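Have a look at the structure below, then the notes.
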Amino acid sequence: MRRSTDPRNLLVRRGPLLVDGESAISELDPGFFPTGDAPKMSSTTRRRFNLIAFTPGPVTVISSLVYLALLIPLLLVHTIVPSAPKSNPKGVDLSEAWNDLQHLTSGFHPYNSHRNDEIHQWLLQRVGHILDASRKAHEDDAMGSVAPDVFVFDDQQSNLTFSGGGVGNKPITGVYFEGKNIIVYIRGLEDDKENWWDSPGGKPKGKGGVLVNAHYDSVSTGFGATDDGVGVVSVLQLIKFFTSPGNLPRKGLVLLLNNGEEDYLNGARAYSQHPLSKYTHTFLNLEGAGAGGRAALFRTTDTEVTRFYKSSPHPFGSVLAADGFKMGLIRSETDYAVFKGVLGLRGLDVAFIEPRARYHTDQDDVRHTSIDSVWHMLSAAIATTKGLVSYTGSEFDGRAPGKGMVNSGVGTHGVWFDLFGSSFAVFRLHTLFAISVTLLVVCPIVLFVIGIILSKMDKMYLFSIHETIPETKEKVSVRGLRGLFRYPIILVVSSGILIGLSYLLAKVNPFIVHSSSYAVWSMMLSSWIFMTWFLSCIADFFRPSALHRAYTFTWQLLVMWVLLVISTVYVNQHDIAAGYFIVFYFAGTFLATLISYLELFALPNKTQYAREQSQYPSRLGSNRSSRILSPSADELPTGGDNNGEIYDGEEEPTESSSLLGRQRRTTFANYTRTGRDLASSESGTYEDHSETGVFGEEQKWSASLPTWTWVLQFLFVGPVVIMFIGQLGLFLTSAMNQVGADGVGLLVVYIAIAVFSVLLLIPLSPFIHRFTYHVPTFLLLVFIATLIYNLAAFPFSAENRLKIFFVQELNLDTGRNQVSLTGVDPYVQDIIRAIPSASKENISCDSELDSGRRKCSWPGLAPEVVQDEPTDRWLSFNISKPSSQETKDTPVLHARLHVSGKNTRACRVNFERPIRDYSLPGSALDDRMPHTLPQGISEIRLWSRTWENVWTVDVQWDAEDMDELHGRVVCLWSDANQLGSIPALDELRLFAPPWVAISKLKDGLVEVSRGF
């Protein structure tokens, strides 16, 4: 058969041909020329590859690169601590700080331990050495600087009776505490020069000072490197810094090393009784709830004080954590609660937050932190404190926020977050509210107006099914409704799979997130991307639509509008700023949606399009096979039917011909391609798009749409979402992935990861149908691998241990010696079986306490916490005979208890029924912290600064409730520094599996009790 060499008569080609008698050939198949040589083309007609066209290559590459370019830095910021400087900054000695931390953490030092007394004396010596060096530096200073006035208070007088606990109508817990705080006051250049605290009833004058706090006690099972050793050495370095020449504070600075934070914030409460507590108006609290890493800004009282943290060299944190406290999602507390809630100070809480598995365990030591972590907290403390003591305004000198509080003024609620650990944003919550309301109102109006204009111009292809030609009344299909419901279906299915995976992990291997949170993230992300891509490709295959992006962004805008409404309500009614990221998410989505609507102005009006289409015959065939196997009418150079000339460029089929023909090929990603698709794919471009503007089988009017605007849309949405959602997702994971050992259900953790995975990847939805198969296929393999791993892997390791909680209880009435471990079933029973002394004992386990935790007990090795004394003399008490007293309401009975314990300074009294009131002679009372409430007291905790103290406790109760007082006296021992003092604990540490961490269950490691 003779081949035609006239390019106007050829159909089988790699690019479409132009008509009007000109040979505008892009690239002809050389097989159509007898000599095998294709005609040469001018450079003006040669097809070019568009680097930003909305085609598979650019979409896949650009989207992937943007995600990688932002996610990788986020991961690096989250996991790598900025390096400490090689040389010491002025006024700071990092080597000295590290040596101090090593000494501080060389043993357990809870309040109820002899090591605690040693640390107390050592800290006083260190403060003295620092001040001596400071005075010498001022003497040697060539500028003739004068050393500041510095006062050191070894507070051995402050004590307090107060109450804690008690929810609703439940009885409360009474507390008597004797403080052992160390307070250093550096007089500011503008401070009153009088020692007003020496005068009875003396009050400070002038502007309020600044308080920096850290606690030097640890828990009985942790060395306290980050909880709160780094905070303590930071305070020591702050003393050094602000007493150095050139660094003297303008406002007075109080540095508090408090003792007793781990036991219900007792040290901070004792500080409230010191005269200097009336002087400070702002504060910085340094804490730790992890072991190493970055010190995060955990929470703040207001916008104004938060701005001083902005000068930190490496800021880190989000208001999301602060709102977690407000909503009760975070149950642990720090001294921040006392400074803000009792004293009325305004300030910040900076703390280490991960890994929680090391918190309150023997891995909270110097081996698991670094000098980089020390510098991260110290540098933030220096920058923040320097700003506060240099501030001369009156912002923090206003009316008191409450009765009995200092005159610190009232701040505004704030929004704050870091960006890549290098910059910090802070603004008022009211500003967020105003922006939110503006966006909620303006954005829909703008789109509505644009929609009206498009309709007036007859270019509103969205939601259009067909267009009627006015002259002939003929209806021409515009297929503008295609893809309308595609996105919500795909979103629900893909996201629903993640929720299903969350339930699957929570059921099969709930603790895998404890050690392998990144594997869980990888599984969630890869699953969502692959499923969304797969469903989008199927939808695009059967019903291709050029309006896919516009409809997707419209749906996203609608969803984000609803979320922004909810967030705005919480901002207005509850002062919750955690949804701040929704504002940026919504704004980016609106701009992307706006571009999709503006693109429609480039289209011909629908009536004109209908007239043009009515001049051409209908497309050949109505099913998908006609698209695949034959060119359609709009592909013909003249719009004619498929006739004999169609196959003029292909040899007549023979027995040796390919079944599919030379111009069709089946692929995984694009199913069956036509010849022109195949050729363009092989050359890296999709020429049907670059030449005619129509991609594949999308609507023919889409040829007029710009091909580059998708890049703008992606850049408006993608980077903003990645920065905010990625950071918050990592932050939440660090804070929550290891809470299962504390009795918190882990399903909420998996649901949170699933939700943040969806939020993180939603920006890909409008473009993912253009992805090549390579990335989704790779992610499918990642999903399969991580799913298998997450379901089958053992969830704990030596680096990510399971925390169990120890206590040994000795009942002197029955002689029963019981060792107990509280932990997650079935692991806690596996651990007990590894203990030699428990292997032959009858193990009794209580019913489930919370989220799978159980308390299992067995007769254990006898404790040796008191030397050379029989067990029945370890505690002693006596109770006076009750006496009655008439009141206006009911008769009241009184009794006096004398309680003492050997080699301890902590006991408590438990009552079978709540008592009405109690008091201790010589103890201070504070109306800001009532010592009793109407529901009564069920327990009194007693803490003394001296060993083997005798507490005198007066109690009273209603005579109609009980004639006699019944309860138990319990004394506590918490010193595990000496091997052999608690053999049961020593044995557990020796024989427990390496993936087990031991923490305290109660105030004491050993608790000995006797009834009365």
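Including glycine, each Cβ sits where the backbone N, Cα and C put it.
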THR55 and PHE542: same side of the membrane according to Swiss-Prot?
yes
According to Swiss-Prot, which candidate in GLU178, GLU190, GLU262, GLU395 joins ASP227, HIS360 at the Zn(2+) 2 site
GLU262
Among HIS215, HIS281, which residue does Swiss-Prot annotate as binding Zn(2+) 1 at the site that also has ASP227, GLU287?
HIS215
From ASN623, ASN842, the annotation N-linked glycosylation site in Swiss-Prot is attached to ASN842
In Swiss-Prot, the entry for N-linked glycosylation site among ASN605, ASN878 points to ASN878
Identify all same-chain residues not among HIS215, ASP227, GLU287 whose C-beta atom falls within 8 angstroms of the centroid of the Zn(2+) 1 site's C-beta atoms; report them in sequence order.
ALA214, GLY224, THR226, ASP228, GLY231, GLU261, GLU262, LEU286, GLY288, ALA289, THR334, ASP335, ALA351
Provide the three-state DSSP residue tally for the topological domain 'Vacuolar' (732-743): helix first, then strand, then coil.
8 helix, 0 strand, 4 coil
Close recorded positions near GLU262 (Zn(2+) 2 binding site), where close means Cα within 10 Å, chosen from ASN159, HIS215, ASP227, GLU287, TYR359, ASN878:
HIS215, ASP227
When the Cα-Cα distance from HIS215 (Zn(2+) 1 binding site) is computed for each of the recorded positions ASN159, GLU261, TYR359, HIS360, ASN842, which gives the smallest value?
GLU261
Among 61-81, 433-453, 551-571, 778-798, which stretch has the most Cβ pairs under 8 Å to the transmembrane segment (488-508)?
778-798
For ASN878 (N-linked glycosylation site) and ASN159 (N-linked glycosylation site), determine the Cα separation and express it in whole Å.
24
Please average pLDDT over the topological domain 'Cytoplasmic' (765-777) for the predicted structure.
97
Between the transmembrane segment (778-798) and the stretches 61-81, 433-453, 519-539, 551-571, 576-596, work out which stretch tops the count of Cβ pairs under 8 Å.
519-539
Apart from ASP227, GLU262, HIS360, which residues in this chain have a Cβ no more than 8 Å from the mean position of the Cβ atoms of those residues at the Zn(2+) 2 site?
SER218, VAL219, GLY222, GLY224, ASP228, GLY288, TYR359, ASP364
For the topological domain 'Vacuolar' (509-518), give the DSSP counts of helix residues, strand residues and coil residues.
6 helix, 0 strand, 4 coil
Can at least 3 Cβ pairs under 8 A be found between the transmembrane segment (61-81) and the transmembrane segment (711-731), with each pair 6 or more apart in sequence?
yes
